[in-house]
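Student: Got a structure for you, questions after.
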Number of protein chains: 2
Amino acid sequence: MRVFGVDPGLTRCGFGVVDGGAGRTVRPVAVDVVRTPADLDLALRLLQLSDAVEQWLDRYQPQVVAIERVFSQHNVRTAMGTAQAGGVVALSAARRGLPVVFHTPSEVKAAVTGSGRADKAQVTAMVTKLLGLKTAPKPADAADALALAICHLWRAPMRSRLEEAQARAADIARTHRARLAQAGAKAPAKPTKTGGRSQ
Amino acid sequence: MRVFGVDPGLTRCGFGVVDGGAGRTVRPVAVDVVRTPADLDLALRLLQLSDAVEQWLDRYQPQVVAIERVFSQHNVRTAMGTAQAGGVVALSAARRGLPVVFHTPSEVKAAVTGSGRADKAQVTAMVTKLLGLKTAPKPADAADALALAICHLWRAPMRSRLEEAQARAADIARTHRARLAQAGAKAPAKPTKTGGRSQ
(Lines of atoms letter the chains of each structure in order from A and count residues from 1; the text may use other names and numbers.)
(Lines give C-alpha, C1' and ligand atoms only; values in the text may rest on other atoms or scores of the structure.)
Protein backbone atom coordinates (compact mmCIF):
# COMPACT_ATOMS: atom_id res chain seq x y z
CA MET A 1 0.00 0.00 0.00
CA ARG A 2 1.25 3.47 -0.90
CA VAL A 3 0.42 6.28 1.52
CA PHE A 4 0.72 10.03 0.94
CA GLY A 5 1.33 11.67 4.34
CA VAL A 6 0.68 15.39 4.68
CA ASP A 7 1.66 17.64 7.57
CA PRO A 8 -0.59 20.56 6.63
CA GLY A 9 0.46 24.19 6.74
CA LEU A 10 0.47 27.34 4.65
CA THR A 11 4.01 28.52 5.38
CA ARG A 12 5.42 25.00 5.18
CA CYS A 13 3.41 21.92 4.19
CA GLY A 14 5.21 18.58 4.56
CA PHE A 15 4.64 15.96 1.84
CA GLY A 16 5.86 12.38 2.22
CA VAL A 17 5.10 9.23 0.23
CA VAL A 18 5.87 5.81 1.73
CA ASP A 19 5.26 2.28 0.47
CA GLY A 20 4.33 -0.41 2.96
CA GLY A 21 5.46 -3.98 2.37
CA ALA A 22 5.12 -7.26 4.23
CA GLY A 23 5.07 -6.99 8.03
CA ARG A 24 6.43 -3.66 9.16
CA THR A 25 8.64 -2.90 6.18
CA VAL A 26 8.39 0.64 4.88
CA ARG A 27 10.13 2.17 1.88
CA PRO A 28 10.55 5.90 1.19
CA VAL A 29 9.26 7.11 -2.17
CA ALA A 30 9.34 10.90 -2.01
CA VAL A 31 9.54 13.74 0.48
CA ASP A 32 9.39 17.50 0.17
CA VAL A 33 8.11 20.67 1.76
CA VAL A 34 5.82 23.01 -0.13
CA ARG A 35 5.97 26.67 0.86
CA THR A 36 3.58 29.47 -0.02
CA PRO A 37 4.51 33.15 0.39
CA ALA A 38 3.17 34.75 3.58
CA ASP A 39 2.42 38.01 1.76
CA LEU A 40 0.16 36.32 -0.80
CA ASP A 41 -3.65 36.35 -0.44
CA LEU A 42 -4.91 33.42 1.62
CA ALA A 43 -7.04 32.10 -1.27
CA LEU A 44 -4.04 32.15 -3.62
CA ARG A 45 -1.87 30.36 -1.04
CA LEU A 46 -4.51 27.64 -0.81
CA LEU A 47 -4.57 27.46 -4.61
CA GLN A 48 -0.78 27.01 -4.81
CA LEU A 49 -0.95 24.29 -2.19
CA SER A 50 -3.83 22.56 -3.95
CA ASP A 51 -1.91 22.59 -7.25
CA ALA A 52 1.09 21.00 -5.53
CA VAL A 53 -1.13 18.28 -4.03
CA GLU A 54 -2.65 17.54 -7.44
CA GLN A 55 0.85 17.17 -8.92
CA TRP A 56 1.88 14.71 -6.22
CA LEU A 57 -1.33 12.69 -6.55
CA ASP A 58 -0.71 12.49 -10.32
CA ARG A 59 2.95 11.62 -9.99
CA TYR A 60 2.90 9.13 -7.10
CA GLN A 61 -0.62 7.66 -7.33
CA PRO A 62 -1.05 6.90 -3.62
CA GLN A 63 -3.90 4.65 -2.45
CA VAL A 64 -4.56 6.57 0.77
CA VAL A 65 -3.95 10.11 2.00
CA ALA A 66 -3.08 10.52 5.69
CA ILE A 67 -3.32 14.04 7.12
CA GLU A 68 -2.34 15.33 10.53
CA ARG A 69 -5.39 16.24 12.54
CA VAL A 70 -5.05 19.72 14.00
CA PHE A 71 -6.53 20.08 17.44
CA SER A 72 -5.36 23.39 18.74
CA GLN A 73 -2.31 25.54 18.64
CA HIS A 74 -1.23 28.49 20.70
CA ASN A 75 -1.56 30.78 17.72
CA VAL A 76 -5.19 30.75 16.56
CA ARG A 77 -4.31 32.37 13.24
CA THR A 78 -1.77 29.64 12.47
CA ALA A 79 -4.21 26.93 13.57
CA MET A 80 -6.84 28.26 11.17
CA GLY A 81 -4.35 28.36 8.29
CA THR A 82 -3.29 24.81 9.09
CA ALA A 83 -6.91 23.63 9.17
CA GLN A 84 -7.63 25.35 5.85
CA ALA A 85 -4.55 23.76 4.28
CA GLY A 86 -5.63 20.33 5.57
CA GLY A 87 -9.13 20.86 4.20
CA VAL A 88 -7.79 21.66 0.74
CA VAL A 89 -5.59 18.54 0.75
CA ALA A 90 -8.52 16.35 1.88
CA LEU A 91 -10.70 17.82 -0.86
CA SER A 92 -8.23 16.92 -3.63
CA ALA A 93 -8.05 13.34 -2.39
CA ALA A 94 -11.84 13.05 -2.03
CA ARG A 95 -12.32 14.36 -5.61
CA ARG A 96 -10.28 11.35 -6.79
CA GLY A 97 -12.19 8.91 -4.61
CA LEU A 98 -9.15 8.29 -2.40
CA PRO A 99 -9.72 7.49 1.27
CA VAL A 100 -8.54 10.24 3.61
CA VAL A 101 -7.58 9.43 7.19
CA PHE A 102 -6.66 11.90 9.92
CA HIS A 103 -4.17 10.99 12.65
CA THR A 104 -3.41 13.12 15.70
CA PRO A 105 0.18 14.23 16.38
CA SER A 106 0.34 11.96 19.45
CA GLU A 107 -0.83 8.93 17.42
CA VAL A 108 1.92 9.65 14.91
CA LYS A 109 4.60 10.09 17.58
CA ALA A 110 3.47 6.95 19.40
CA ALA A 111 3.48 4.94 16.17
CA VAL A 112 7.08 5.76 15.22
CA THR A 113 8.77 6.30 18.61
CA GLY A 114 6.59 4.37 21.07
CA SER A 115 5.75 7.57 22.96
CA GLY A 116 2.98 10.04 22.20
CA ARG A 117 5.08 12.77 23.81
CA ALA A 118 8.26 12.31 21.80
CA ASP A 119 9.94 15.48 20.58
CA LYS A 120 10.62 16.47 16.98
CA ALA A 121 14.25 15.28 17.08
CA GLN A 122 13.17 11.81 18.21
CA VAL A 123 10.53 11.58 15.47
CA THR A 124 13.07 12.66 12.84
CA ALA A 125 15.64 10.15 14.16
CA MET A 126 13.16 7.27 14.03
CA VAL A 127 11.84 8.19 10.57
CA THR A 128 15.42 8.33 9.27
CA LYS A 129 16.16 4.91 10.79
CA LEU A 130 12.89 3.18 9.81
CA LEU A 131 13.13 4.33 6.20
CA GLY A 132 16.90 3.67 6.00
CA LEU A 133 17.62 7.23 4.87
CA LYS A 134 21.23 8.39 4.58
CA THR A 135 20.41 11.88 5.84
CA ALA A 136 17.65 13.07 8.13
CA PRO A 137 14.72 14.68 6.27
CA LYS A 138 14.57 18.43 6.91
CA PRO A 139 12.74 20.56 7.98
CA ALA A 140 10.70 18.84 10.72
CA ASP A 141 7.55 19.13 8.55
CA ALA A 142 9.11 16.79 5.97
CA ALA A 143 9.96 14.21 8.65
CA ASP A 144 6.46 14.59 10.11
CA ALA A 145 4.84 13.88 6.74
CA LEU A 146 6.86 10.64 6.42
CA ALA A 147 6.01 9.73 10.04
CA LEU A 148 2.30 10.23 9.24
CA ALA A 149 2.52 7.86 6.29
CA ILE A 150 4.33 5.24 8.42
CA CYS A 151 1.79 5.72 11.21
CA HIS A 152 -1.01 5.08 8.75
CA LEU A 153 0.64 1.94 7.33
CA TRP A 154 1.12 0.50 10.81
CA ARG A 155 -2.24 1.55 12.19
CA ALA A 156 -4.25 0.44 9.15
CA PRO A 157 -4.17 -3.33 9.97
CA MET A 158 -5.05 -2.50 13.59
CA ARG A 159 -7.88 -0.29 12.41
CA SER A 160 -9.32 -2.98 10.16
CA ARG A 161 -9.01 -5.60 12.93
CA LEU A 162 -10.82 -3.19 15.25
CA GLU A 163 -13.55 -2.58 12.69
CA GLU A 164 -13.96 -6.35 12.15
CA ALA A 165 -14.21 -6.88 15.90
CA GLN A 166 -16.79 -4.11 16.17
CA ALA A 167 -18.82 -5.61 13.31
CA ARG A 168 -18.64 -9.04 15.00
CA ALA A 169 -19.74 -7.56 18.33
CA ALA A 170 -22.65 -5.81 16.60
CA ASP A 171 -23.63 -9.15 15.00
CA ILE A 172 -23.59 -10.92 18.36
CA ALA A 173 -25.64 -8.12 19.93
CA ARG A 174 -28.16 -8.33 17.08
CA THR A 175 -28.52 -12.13 17.46
CA HIS A 176 -28.85 -11.70 21.21
CA ARG A 177 -31.56 -9.04 20.85
CA ALA A 178 -33.42 -11.23 18.35
CA ARG A 179 -33.35 -14.15 20.81
CA LEU A 180 -34.49 -11.89 23.63
CA ALA A 181 -37.38 -10.67 21.48
CA GLN A 182 -38.32 -14.28 20.67
CA ALA A 183 -38.15 -15.20 24.36
CA GLY A 184 -40.15 -12.06 25.18
CA ALA A 185 -42.92 -13.13 22.81
CA LYS A 186 -43.32 -16.33 24.86
CA ALA A 187 -42.67 -14.84 28.33
CA PRO A 188 -44.53 -11.78 29.78
CA ALA A 189 -43.94 -8.87 27.40
CA LYS A 190 -42.62 -6.46 30.03
CA PRO A 191 -40.62 -7.43 33.11
CA THR A 192 -41.59 -5.81 36.42
CA LYS A 193 -39.46 -2.91 37.60
CA THR A 194 -37.62 -5.00 40.14
CA GLY A 195 -37.41 -8.13 38.00
CA GLY A 196 -35.05 -9.44 35.36
CA ARG A 197 -32.10 -7.05 35.37
CA SER A 198 -31.48 -6.65 39.11
CA GLN A 199 -28.71 -8.91 40.38
CA MET B 1 -21.12 44.42 -8.29
CA ARG B 2 -22.39 40.95 -7.38
CA VAL B 3 -21.04 39.43 -4.17
CA PHE B 4 -21.30 35.82 -3.00
CA GLY B 5 -21.27 35.82 0.81
CA VAL B 6 -20.41 32.61 2.63
CA ASP B 7 -20.81 31.86 6.33
CA PRO B 8 -18.63 28.75 6.38
CA GLY B 9 -19.51 25.55 8.23
CA LEU B 10 -19.76 21.82 7.72
CA THR B 11 -23.09 21.21 9.47
CA ARG B 12 -24.62 24.36 8.02
CA CYS B 13 -22.95 26.63 5.47
CA GLY B 14 -24.78 29.86 4.66
CA PHE B 15 -24.77 31.03 1.01
CA GLY B 16 -26.06 34.47 0.03
CA VAL B 17 -25.75 36.40 -3.23
CA VAL B 18 -26.38 40.15 -3.25
CA ASP B 19 -26.14 42.78 -6.01
CA GLY B 20 -24.91 46.23 -5.11
CA GLY B 21 -26.28 49.25 -6.99
CA ALA B 22 -25.72 53.01 -6.81
CA GLY B 23 -25.03 54.39 -3.35
CA ARG B 24 -26.02 51.94 -0.67
CA THR B 25 -28.69 50.04 -2.62
CA VAL B 26 -28.51 46.29 -2.27
CA ARG B 27 -30.68 43.68 -3.98
CA PRO B 28 -31.09 40.03 -2.89
CA VAL B 29 -30.34 37.44 -5.58
CA ALA B 30 -30.25 34.09 -3.78
CA VAL B 31 -29.92 32.64 -0.32
CA ASP B 32 -29.68 29.10 1.02
CA VAL B 33 -28.03 26.89 3.58
CA VAL B 34 -26.01 23.86 2.53
CA ARG B 35 -25.84 21.01 5.01
CA THR B 36 -23.54 18.00 5.05
CA PRO B 37 -24.24 14.89 7.16
CA ALA B 38 -22.32 14.77 10.44
CA ASP B 39 -21.76 11.01 10.10
CA LEU B 40 -20.04 11.36 6.73
CA ASP B 41 -16.22 11.34 6.42
CA LEU B 42 -14.72 14.82 6.75
CA ALA B 43 -13.17 14.67 3.27
CA LEU B 44 -16.54 13.73 1.72
CA ARG B 45 -18.30 16.53 3.59
CA LEU B 46 -15.76 18.98 2.16
CA LEU B 47 -16.35 17.50 -1.28
CA GLN B 48 -20.14 17.98 -1.02
CA LEU B 49 -19.63 21.56 0.11
CA SER B 50 -17.15 22.22 -2.68
CA ASP B 51 -19.62 20.85 -5.27
CA ALA B 52 -22.34 23.15 -3.93
CA VAL B 53 -19.99 26.15 -4.14
CA GLU B 54 -19.12 25.29 -7.74
CA GLN B 55 -22.82 25.13 -8.63
CA TRP B 56 -23.47 28.54 -7.11
CA LEU B 57 -20.45 30.09 -8.83
CA ASP B 58 -21.71 28.67 -12.15
CA ARG B 59 -25.29 29.76 -11.61
CA TYR B 60 -24.84 33.23 -10.14
CA GLN B 61 -21.47 34.30 -11.57
CA PRO B 62 -20.45 36.58 -8.67
CA GLN B 63 -17.55 39.01 -9.11
CA VAL B 64 -16.26 38.66 -5.55
CA VAL B 65 -16.51 36.02 -2.82
CA ALA B 66 -16.74 37.29 0.78
CA ILE B 67 -16.11 34.71 3.53
CA GLU B 68 -16.46 35.08 7.27
CA ARG B 69 -13.08 34.98 8.94
CA VAL B 70 -13.05 32.49 11.78
CA PHE B 71 -10.99 33.59 14.76
CA SER B 72 -11.80 31.19 17.52
CA GLN B 73 -14.76 29.34 18.89
CA HIS B 74 -15.32 27.62 22.20
CA ASN B 75 -15.43 24.26 20.46
CA VAL B 76 -12.05 23.66 18.79
CA ARG B 77 -13.42 20.78 16.71
CA THR B 78 -16.15 23.03 15.27
CA ALA B 79 -13.66 25.85 14.67
CA MET B 80 -11.42 23.50 12.66
CA GLY B 81 -14.38 22.28 10.57
CA THR B 82 -15.39 25.87 9.94
CA ALA B 83 -11.87 26.81 8.88
CA GLN B 84 -11.65 23.79 6.56
CA ALA B 85 -15.01 24.69 5.00
CA GLY B 86 -13.87 28.29 4.49
CA GLY B 87 -10.63 27.07 2.91
CA VAL B 88 -12.49 24.90 0.42
CA VAL B 89 -14.78 27.81 -0.56
CA ALA B 90 -11.78 30.16 -0.98
CA LEU B 91 -10.04 27.56 -3.15
CA SER B 92 -13.00 27.27 -5.57
CA ALA B 93 -13.09 31.05 -5.99
CA ALA B 94 -9.32 31.30 -6.44
CA ARG B 95 -9.40 28.57 -9.13
CA ARG B 96 -11.72 30.85 -11.13
CA GLY B 97 -9.56 33.91 -10.56
CA LEU B 98 -12.21 35.55 -8.37
CA PRO B 99 -11.06 37.85 -5.58
CA VAL B 100 -11.72 36.41 -2.11
CA VAL B 101 -12.09 38.72 0.86
CA PHE B 102 -12.44 37.72 4.51
CA HIS B 103 -14.46 39.82 6.96
CA THR B 104 -14.62 39.26 10.71
CA PRO B 105 -18.01 38.70 12.40
CA SER B 106 -17.72 42.08 14.15
CA GLU B 107 -17.01 43.88 10.87
CA VAL B 108 -20.12 42.26 9.40
CA LYS B 109 -22.29 43.12 12.40
CA ALA B 110 -20.99 46.70 12.48
CA ALA B 111 -21.64 47.13 8.75
CA VAL B 112 -25.31 46.12 8.87
CA THR B 113 -26.37 47.15 12.40
CA GLY B 114 -23.89 49.88 13.38
CA SER B 115 -22.63 47.75 16.28
CA GLY B 116 -19.93 45.09 16.21
CA ARG B 117 -21.60 43.43 19.16
CA ALA B 118 -25.12 43.10 17.73
CA ASP B 119 -26.84 39.76 18.31
CA LYS B 120 -28.09 37.34 15.65
CA ALA B 121 -31.69 38.61 15.85
CA GLN B 122 -30.55 42.19 15.17
CA VAL B 123 -28.43 41.12 12.19
CA THR B 124 -31.34 39.11 10.75
CA ALA B 125 -33.73 42.03 11.27
CA MET B 126 -31.42 44.49 9.48
CA VAL B 127 -30.67 42.09 6.61
CA THR B 128 -34.42 41.56 6.12
CA LYS B 129 -35.01 45.33 6.12
CA LEU B 130 -32.02 46.31 3.94
CA LEU B 131 -32.84 43.73 1.28
CA GLY B 132 -36.62 44.39 1.45
CA LEU B 133 -37.37 40.72 2.12
CA LYS B 134 -40.93 39.70 3.01
CA THR B 135 -39.78 37.06 5.48
CA ALA B 136 -36.62 36.87 7.56
CA PRO B 137 -34.00 34.50 6.11
CA LYS B 138 -33.58 31.38 8.27
CA PRO B 139 -31.53 29.87 9.82
CA ALA B 140 -29.12 32.52 11.13
CA ASP B 141 -26.37 31.18 8.81
CA ALA B 142 -28.44 32.25 5.78
CA ALA B 143 -28.92 35.75 7.19
CA ASP B 144 -25.20 35.91 8.06
CA ALA B 145 -24.23 35.03 4.49
CA LEU B 146 -26.38 37.88 3.16
CA ALA B 147 -24.97 40.23 5.82
CA LEU B 148 -21.44 39.28 4.70
CA ALA B 149 -22.24 40.17 1.10
CA ILE B 150 -23.76 43.52 2.15
CA CYS B 151 -20.77 44.19 4.40
CA HIS B 152 -18.44 43.59 1.48
CA LEU B 153 -20.43 45.87 -0.86
CA TRP B 154 -20.36 48.68 1.67
CA ARG B 155 -16.78 48.21 2.79
CA ALA B 156 -15.37 47.78 -0.74
CA PRO B 157 -15.45 51.53 -1.62
CA MET B 158 -13.91 52.31 1.76
CA ARG B 159 -11.23 49.69 1.18
CA SER B 160 -10.33 51.05 -2.24
CA ARG B 161 -10.23 54.61 -0.88
CA LEU B 162 -7.93 53.36 1.88
CA GLU B 163 -5.70 51.57 -0.62
CA GLU B 164 -5.53 54.70 -2.80
CA ALA B 165 -4.62 56.79 0.24
CA GLN B 166 -1.91 54.29 1.20
CA ALA B 167 -0.52 54.29 -2.34
CA ARG B 168 -0.51 58.10 -2.32
CA ALA B 169 1.28 58.16 1.06
CA ALA B 170 3.86 55.68 -0.25
CA ASP B 171 4.41 57.92 -3.30
CA ILE B 172 4.96 60.99 -1.12
CA ALA B 173 7.37 59.02 1.12
CA ARG B 174 9.30 57.83 -1.95
CA THR B 175 9.60 61.37 -3.34
CA HIS B 176 10.66 62.59 0.09
CA ARG B 177 13.34 59.90 0.42
CA ALA B 178 14.60 60.66 -3.08
CA ARG B 179 14.93 64.38 -2.17
CA LEU B 180 16.68 63.51 1.07
CA ALA B 181 19.11 61.28 -0.82
CA GLN B 182 19.76 64.12 -3.29
CA ALA B 183 20.32 66.55 -0.42
CA GLY B 184 22.50 63.93 1.29
CA ALA B 185 24.70 63.71 -1.81
CA LYS B 186 25.47 67.45 -1.46
CA ALA B 187 25.66 67.53 2.37
CA PRO B 188 27.97 65.27 4.50
CA ALA B 189 27.13 61.68 3.58
CA LYS B 190 26.65 60.48 7.13
CA PRO B 191 25.35 62.53 10.06
CA THR B 192 27.20 62.23 13.37
CA LYS B 193 25.67 60.02 16.02
CA THR B 194 24.25 62.87 18.02
CA GLY B 195 23.25 64.96 15.03
CA GLY B 196 20.25 65.07 12.75
CA ARG B 197 17.61 62.98 14.39
CA SER B 198 17.96 64.09 18.02
CA GLN B 199 15.39 66.76 18.94
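Quick reminder: no glycine exception, Cβ is built from N, Cα and C everywhere.
Positions annotated as active site by TrEMBL: B:ASP7, B:GLU68, B:ASP141. Annotation source TrEMBL lists Mg(2+) 1 binding site at B:ASP7, B:ASP141. Per TrEMBL, the feature Mg(2+) 2 binding site maps to B:GLU68. Positions annotated as compositional bias 'Low complexity' by TrEMBL: B:183-199. Per TrEMBL, region 'Disordered' is recorded for B:180-199.
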Student: Within its own chain, what residues at least 6 apart in sequence put their Cβ under 8 Å from the Cβ of B:ASP7 (active site), listed in sequence order?
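Tutor: Within the chain, B:ASP7 (active site) has Cβ neighbours under 8 Å at B:CYS13, B:GLY14, B:GLY16, B:GLU68, B:ASP141, B:ALA142, B:ASP144, B:ALA145, B:LEU148.
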Student: Determine, from DSSP, whether B:GLU68 (active site) sits in helix, strand or coil.
Tutor: strand
Student: Which state, by DSSP, holds B:ASP7 (active site): helix, strand or coil?
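Tutor: B:ASP7 (active site) sits in a strand per DSSP.
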Student: Is it possible to get the count of other C-beta atoms within 10 angstroms of the C-beta of B:ASP141 (active site)?
Tutor: 25
